[in-house]
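Student: Pasting a structure here, questions to come.
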Amino acid sequence: MFAWYKAGSPQQKKTFWACYSGWALDSFDMQMFSFLLPALTLTWGLTKAEVGVLGTVALVVTAIGGWGAGILSDRYGRARILVLAIIWFTLFGVLAGFAQSYQQLLIARTLQGLGFGGEWAVGAALMAEVIDSRHRGKAIGFVQSGFALGWALAVVVATLLLAWLPKEMAWRVAFWSGIIPALIVLFIRRHVKDSSMFERARQSRAPRASLSSVFNRKYARTLALSSVLVIGLQAGCYAILVWLPSLLNQRQVAAGSMIVTVFIMAFGSFCGFAVTADLSDRIGRRPTLILLSVCAWIVTVSYMLLPLNTTLTAILGFLVGFSAIGMFAALGPFLSELFPTNVRTTCMGFAYNVGKSIGAGSVVGVGVLSTHIGLANAMGTFCLVAYAFAVFGIMLLPETRGIAIENIGEADAHSPAAPLAQPASARS
């Protein structure tokens, strides 16, 4: 499982740690906010509607950030824009800690979301272009496991600060703490370079990325199906993760057990990232994503039907993290292998972040449907529809395991059903 890392060049290892740390920091800043909402609500007397806007605005604007960062990355380089994205969301996260009103915090969170959208696609493309095609799934998948680390750190930091400091100060310090891990920017600027593949593409006569690139009919079918895939995966994930605490509360699971469950879910997601990363290189991107989509829905149904106790809650929490979150380890390699180098991050950023923004609508959908059929049934229904949506997109996209992404041309981009040549090592 780790042979790819041991065999990697110093530059590949530095790139891995830069992308891993950037994604962990992104997760830390994003997940921290969810743990601070109760303190903010108490301090400023926010309504549920205001809390809802604060909680979703960053997710919505990630679509713009991902699209914009993708275009800039395809034009000016992956490493440079990765640094910019990290600086951006760190800066506005720190400024959020100085907010004196709801309106100021809303503006800071909105601007911070632009940076969140930019980091994922740029980091995934950078990693895809420097790693050997035989190990691309494992490498990018392990980068994705940085999400679990950032999530766990957010739980620890938020819990300690809220326990040690007055609530009106704790949330501010929590936002300010995001600047410490951002020192990774100094490492990236000094040690991480763009791949030779990207440099060759930039010097070629291939058309440069622009705002209109994603509307080019050459990429339209692949981009549309990629977006459908991401919408399904994100909708299912949000339907489970956002509403799970409420479901556990309905089942009268103790608050202490719920905190433990969050840690177990984070650990489960880390294990899921590792296994998914390896599995996608062994059996392919499509079978891996389909298998885990089915598993995630089964776990959700189990929450609906089984009588929950402490042990079962912990087991199912691990399985939720493993399947619903861990499956994203196969998404980065898959999307990076679908588009040519000259528009790779533009299309990846659009598909991932637009899909994420639309998929987040499942949070509202579950809430509305739950008033008619109950929360557990609403979660199960939405997850079934979401993962069926994802599988539909997967089935119409090609298997890409092991392809040489430097050879992806414009013909490949608009003919996803066409067979893609794979090296013998990838097929074995």
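Note that Cβ sites are derived from N, Cα and C of the backbone, with glycine treated the same way.
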Student: Under Swiss-Prot's topological domain names, is THR15 on the same membrane side as GLU337?
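Tutor: Yes - Swiss-Prot names the same topological domain for THR15 as for GLU337.
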Student: Are there residues at least 6 beyond the ends of the topological domain 'Cytoplasmic' (72-80) whose Cβ is under 8 Å from a Cβ of it, and what are they?
Tutor: 18, 118, 121-123, 125-126, 129, 188-189, 192-195, 198, 202, 208-209, 213, 342-346, 349
Student: So, do the transmembrane segment (81-101) and the transmembrane segment (168-188) meet, by the test of 3 or more Cβ pairs under 8 Å (sequence gap 6 or more)?
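Tutor: Yes, since the transmembrane segment (81-101) and the transmembrane segment (168-188) share at least 3 Cβ pairs closer than 8 Å, they count as touching.
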Student: What is the average pLDDT across the topological domain 'Cytoplasmic' (189-227)?
Tutor: 73
Student: Quick one: DSSP breakdown of the topological domain 'Cytoplasmic' (72-80) into helix, strand and coil?
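Tutor: The topological domain 'Cytoplasmic' (72-80) comes out at 8 helix, 0 strand, 1 coil.
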